[in-house]
Amino acid sequence: MRSWLAPSVPKLAGAGPRLRLWDSADRIIRPVTPGRTATMYVCGITPYDATHLGHAATYLAFDLVHRLWLDAGHQVAYAQNITDVDDPLLERADRDHRDWQELAAEQIELFRTDMSALRVLPPHEYVGVTESVGLVVAMVEKLLANQSAYVVAEGEYPDVYHRIAATEDFGYVSGYGREEMAQVFRERGGDPDRPGKADPLDALLWRAARPGEPSWPSPFGPGRPGWHVECSAIALDRIGFGFDVQGGGSDLVFPHHEFSAAHAQAQHGAGAADEHRRFARNYVHAGMIGLDGEKMSKSLGNLVFVSALRERGVDPSAIRLALFAGHYRADRSWDQGLLREAQERLARWRHAASLASGPAAHDVVARMREHLANDLDTPKALAALDSWSLEAAAHGGGDQEAPALVARAADALLGVQLTP
């Protein structure tokens, strides 16, 4: 599946410092140590209600990771899926009397348009689940063969499940205890009460065909992929086992990332005691976005959409700055005051970048690099550029190259355009 056109990224002199990120599994900030090519998998959208600000905040956070790796001199291999067949999509299509494939295609195109407007660097592999059913079938076959999976015999539908007991160190991604797992599993799409399961927490790998639902053939009967195994199979196929960063929103820590890792490690016979034997070497998660102090969610009907902001004439660079005003890991709130402050900040920066000269800027670029490399500390990076722009506006400066350097740095590191 095609992604979207990549924006140009200016090259800054020298190389940025090594990136350090909070690893959700180990619960520490530590250096990310890729080889020449840095590898990243970020879970994509289920294509309905795209693109709300929660989506945008997540993909902007990992856009920073992408940009900082490029600035540090790495090549980047970045894969992202699209969950273009799943219960929520089918339910929305049924509610709205739409063909589910048409709804998915419409929403995927809207997402592409929004990501392009926000100047998000596209993934190199942008993969729909419907394109990848063969990968999932092959993986489920392997899990059945090594007894990490089983077919539920009870009931009308022979669904296939993963045995959590088959995965060494199950639970290392979230750090949850059994009781917390059970609660969150039920809240986020799990089926602990399904008769015939070996363990209530065992996760669905293959949903046997039901009347009126899309299905594909497989050796274990027609059906469609479970949610978690889709990402396991796509990531293993496109960037391989033991990639550098698994990314997503914090609501994916459990069960999604926990089970994606469990499926992959059950296939590979690997454990989590050593980061080099994990599905991903680092698990990185972005916080949730609320609206006016309340949780932003589909169920509450208070989603704010990127496309709606753009239709109102909001500059996408201002949207980036508004979301960068808080730390990516923090749960934070969107309101009109936040957007207004971002628009004012963007105007100040653009004015300073338009001056014929300004204060020397090499130090501010170095500070931006250091702050961003320290677990994507955007508030401090923005403050560094604020200081330079205020000084430039108030007192000028004798460095004729400084405004252009600052504009290139804002573009390369933050994806924010200051000049036409």
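Placed from the backbone N, Cα and C atoms, the Cβ positions cover glycine too.
Over all protein chains present, the Cβ of ILE45 (L-cysteinyl-5'-AMP binding site) has 23 other Cβ atoms lying within 10 Å. DSSP assigns ILE45 (L-cysteinyl-5'-AMP binding site) to coil in the three-state reduction, outside any helix or strand. The L-cysteinyl-5'-AMP binding site annotation in Swiss-Prot covers CYS43, GLY44, ILE45, THR46, THR58, ASN81, ILE82, THR83, TRP227, GLY249, SER250, ASP251, ILE289.
A 10 Å cutoff on Cβ-Cβ distances gives HIS256 (Zn(2+) binding site) a total of 21 other Cβ atoms nearby, all chains included. The annotation Zn(2+) binding site is assigned in Swiss-Prot to CYS43, CYS231, HIS256.
Per Swiss-Prot, motif ''HIGH' region' is recorded for 45-55.
Residues of the motif ''ERGGDP' region' (187-192) grouped by DSSP class, helix first, strand second and coil last, total 1 helix, 0 strand, 5 coil. The motif ''ERGGDP' region' feature in Swiss-Prot is assigned to 187-192; the stated evidence is sequence analysis.
Among the features that Swiss-Prot reports, motif ''KMSKS' region' is placed at 295-299, with the record citing sequence analysis.
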Legend entry - Within 10 angstroms of HIS256 (Zn(2+) binding site), Cα basis - binding-site residues out of ILE45, THR58, ILE82, TRP227, ILE289: TRP227
Legend entry - Cβ neighbour count within 10 Å of SER250 (L-cysteinyl-5'-AMP binding site): 15
Legend entry - Length of the line joining the Cα atoms of ILE82 (L-cysteinyl-5'-AMP binding site) and CYS231 (Zn(2+) binding site), in Å: 9
Inset, instruction - Between ILE289 (L-cysteinyl-5'-AMP binding site) and CYS231 (Zn(2+) binding site), find the distance joining the two CA atoms and give it rounded to the nearest Å. - result: 24
Inset, instruction - Looking only at C-alpha atoms, tell me how far SER250 (L-cysteinyl-5'-AMP binding site) is from CYS231 (Zn(2+) binding site), rounded to the nearest Å. - result: 16
